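Pulled from TrEMBL, these are the features on record:
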type    : residues                                                         : note
BINDING : L109, T110, F137, P138, S139, D140, D222, H225, Y247, W278, N306 : pyridoxal 5'-phosphate binding site
MOD_RES : K248                                                             : N6-(pyridoxal phosphate)lysine
Amino acid sequence: MQNSSKIATLEYAKDQDKKDPLQRFRAEFNLPTDANGKPKIYLCGNSLGLQPKLAQTYVQQELDDWAKLGVDGHTDAQNPWKPYHEFLSESMAKIVGAKASEVVMMNTLTVNLHLMMVSFYQPTSTRYKIIIESDAFPSDKYAVKSQLEFHGFNAEEALLEWTPREGEELCRYEDLEKLLKDNKGEVALLMLGNTNYYTGQKYPIKEITELGHAHNAIVGFDLAHGAGNIQPNLHENQVDFAVWCSYKYLNSGPGSVGGCFVHEKHANNKNLKRFAGWWGHNKDTRFNMRKEFDPIPGAEGWQLSNPPILSMAAIRASLEIFEKAGFENIRKKSEKLTGYLESLIENLGNNKIEIITPKNPADRGCQLSLKVKGADKKLFNQLSEAGVIADWREPNVIRVAPAPLYNSFEDVYEMVERLKKLLA
Ligand SMILES: *Cc1c(COP(=O)(O)O)cnc(C)c1O
C-alpha cells in the first residue's frame, strides 16, 4: 500500500506518467479543449472514445481514392474496398481473444445482437427462456424482449433477470446458478453484458459460459463496455457469440461499425438459421449473382451488406494503435490507472460518494461508478463546469473511465483534485 499523502500529489502523478511505457500514445489522439484551448480532463472513453489523429489520414485516403477511382476503388484503391473488412479482423481478434476467422466488423451493435439471436436463439415449446442482467443497457433489453415476442412468447414470463440482492449493487454468481436451477431445462440463452455499463462490474466469462453450457444453454455476451477494456478471451472461454460497438473503448468514431464474434465450433454449421445477405456469400462466387446462398465459413458468413468504408477506415486507424501498444500492456496500465483513481477517491474519505464498482481489478475494467448520496446531480454538473468530462447515469451515478491509451495519471489526479474542491 502506498503512503496515502504521497500519492495525492502532482509530483507523484507526473512521476507515474514518466514511468508509463504507453505514455507516448496520448499524443496520437485529439483531446477536446476548453474555450482557452486547454485540454479538458476527458474520462468518458466508456461513452465515446477520442479520435486517433491517424483516423483523419485514413478516412481522407478513402475519400481521395473514391474521387480518383470511382467504382474501380473496389479493386484498385490503395486499400481495396472489396476485402476492406478483412484488414481489421486480425487486430480486432487479438483484442477480444479470438481467431481472425471468428471475428467480423459489420453493422452496429444492436443489429448484430438481433442477427446473432436469429441464429442462436432457437426456442422450443419447453426451452425458451432468456437470462439477462437486470441492469442491462436498455437497447439489449428491448432487443431480447422483442425476440421473445417475435417467437410468440410472453416476455414477462420468459425473460429472467439476474438481479442484485436487496440493498446490493452487484450481481452474484451464485444467484445466476440458482436462476438456472430454478428454471431447469427451460433456459435457451444467457445474453449478458460485460462489463456492466452502470456498475462497471465485469462478470466472470469463463465460469458463466461453463455454467450456461452445463445447462445446455447458449451463452452470448454484449461487449460494448468490454471490447478494448478487458480481455474476454472469447475463443478459449468457449463463448458461443459476442457483439460489441467500436466507438467506446475502441475509439472508432460516433456510430461507427460494430463487431461480432461467432465461435469456431459454429463456423461450418450451415444448418444454423440466419438472416442472409450477399456479403456473407462465398467470395469466389459472390459476383456470379445467380447462385444459392453459400455462406462463408466463420463470422464473415453473417455479413449482409458491403461495408461502409469510411467508418472502417477510422476503425483501421484505431486498431493500428492497439496493435502497436499491445493489448496486454494496455490492460496492465489500465489496472494501475484505475487503481490510482480508486486510491485517491478513497483518500478523500468523503461519505457523499461511494464507489460501487468491484474492488478486485479482475472483476472490473477501467470504469469506476461513483454513487452520489442523495442522487445529487449538482455535483456532476459542477464537475463538468470544472472541465472534467465524465457522465451521469440515472438515478445516482457518475461514471469515470480513465482510458489507458490516452489518459494520464495526471488526468486522474486533476479530476480528483477538482472533485475534492467541490466536496469541500
Ligand atoms: C453502448 C451500448 C449499446 C449501444 O447500442 P448501438 O446499437 O451501438 O446503438 C448497446 N448495448 C450496450 C450494453 C451498450 O453499452
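Glycine is no exception: its Cβ is also placed from the backbone N, Cα and C atoms.
Because TrEMBL annotations are produced automatically, they should be read as predictions rather than curated entries.
Features per TrEMBL, on structure.
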residue : record                              : DSSP (3 states)
L109    : pyridoxal 5'-phosphate binding site : helix
F137    : pyridoxal 5'-phosphate binding site : coil
D222    : pyridoxal 5'-phosphate binding site : strand
Y247    : pyridoxal 5'-phosphate binding site : coil
N306    : pyridoxal 5'-phosphate binding site : coil
- Message: Excluding near sequence neighbours, so keeping only residues 6 or more apart in the same chain, what lies with its CB under 8 A of D222 (pyridoxal 5'-phosphate binding site)?
- Response: L109, L113, A136, F137, D140, M191, L192, G193, N194, A242, V243, W244
- Cα distance (Å, whole number) from N306 (pyridoxal 5'-phosphate binding site) to the residue listed as 'N6-(pyridoxal phosphate)lysine': 23
- Residues satisfying Cβ distance under 8 Å from N306 (pyridoxal 5'-phosphate binding site), sequence separation of at least 6: W81, W278, W279
- Tell me the Cβ contacts of S139 (pyridoxal 5'-phosphate binding site) under 8 Å, same chain only and six or more apart in sequence, or just say none. L109, T110, L113
- Message: Filtering S139, Y247, N306 (binding-site residues) by proximity to ligand 1: which pass a Cβ cutoff of under 6 Å to any of its atoms?
- Response: S139
- Item | Under 8 Å by Cβ from Y247 (pyridoxal 5'-phosphate binding site), counting only residues of that chain that are 6 or more apart | L48, G49, G253, P254, G255, S256
- Message: For a quick check of understanding: given the listed pyridoxal 5'-phosphate-binding residues L109, T110, F137, P138, S139, D140, D222, H225, Y247, W278, N306, what is the maximum Cα-Cα distance in angstrom, as an integer?
- Response: 31
